[in-house]
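Structure first, then comments.
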Amino acid sequence: MYVALEKLLDGSQLATIRSALASASFSEGASTAGWYGKSVKKNLQAQHDACSRIVHEAALRHPMFRAAAQPNVILPPLFSRYVPGMEYGVHVDDAIMGAQGAVRADLAMTVFLSDPSTYDGGELVVELHSAPLKFKMAAGDAILYPATSLHRVDQVTRGERLVSVLWIQSLVQEASRREILFDLFNLRRKLWERTGQTKTPESDLAARSYVNLMRMWAKP
Ligand SMILES: O=C(O)CCC(=O)C(=O)O
Ligand SMILES: [Fe+2]
């Protein structure tokens, strides 16, 4: 499931992050990659606690993020910069991450921080068996995607691509189950939008199915 999250960050959060990162120290992304990623990772990466907190809190406040990811653990968001010539070749993200190596990466998220008109190239490309999926979104928007996929970042040929990347361990490990829960969440929302009532016999039944499937499938 690929879920686009519009306006995860607002204009003032973007401005704060961009100005803080302008003076942050970035190092070679390859230095944090394992042997597998090293050969294809050609970008710059930074950790920045204050900016990380802004992204983390914004994600948790976004109802679609919560419903689609069912987050259990969110790893501290990192920041990547790509200038002309930089790219990240095809790879799959590690299964287990985190300082203590105790977090299972079920989902990955890219939060776009640069206005797409300011750089060329730099699409996040997910390799599918059919046609590849390409994402280059407005600044502040994010794409949530399965960490299980083979994906890459196309070479940047002009300007600067700044993104925040983060990984999530979900309460619901299995993607197909997360998708059913996400559908039920959206069904409940649409029922509510249609009727303007939070409680109807239909919404009670939808709520019961959602909550009881969570009870069955969630592993806190
Ligand atoms: O920059 C992106 O959109 C994704 C980068 C990526 O695949 C990674 O950091 O593992
Ligand atoms: Fe990746």
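Cβ coordinates are placed from backbone N, Cα and C, and glycine is handled just like the others.
TrEMBL annotations:
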- 73-170: domain 'Fe2OG dioxygenase' (DOMAIN)
- HIS91, ASP93, HIS151: Fe cation binding site (BINDING)
- ARG161: 2-oxoglutarate binding site (BINDING)
(request) Let me know the most crowded of the binding-site residues, choosing from HIS151, ARG161 and counting other Cβ atoms within 10 Å. (result) ARG161
(message) Across the domain 'Fe2OG dioxygenase' (73-170), what does the mean pLDDT come to, as a whole number?
(response) 96
(message) Based on DSSP, tally up the residues of the domain 'Fe2OG dioxygenase' (73-170) by helix, strand and coil.
(response) 3 helix, 53 strand, 42 coil
(request) Compute the centroid of the Cβ atoms of HIS91, ASP93, HIS151, then list the same-chain residues not in that set whose Cβ lies within 8 Å of it, in sequence order, for the Fe cation site. (result) GLY37, TYR88, VAL90, VAL92, ALA108, ALA147, SER149, LEU150, ARG152
(request) Can you check which residues sit near ASP93 (Fe cation binding site), meaning Cβ under 8 Å from its Cβ, same chain, 6 or more apart in sequence, and list them in order? (result) ALA105, ALA108, ALA147, TRP167
(request) Name, in the order they occur in the sequence, the residues of the same chain whose CB lies under 8 A from the CB of HIS91 (Fe cation binding site) and which sit 6 or more residues away. (result) TYR36, GLY37, VAL40, LYS41, LEU150, HIS151, ARG152
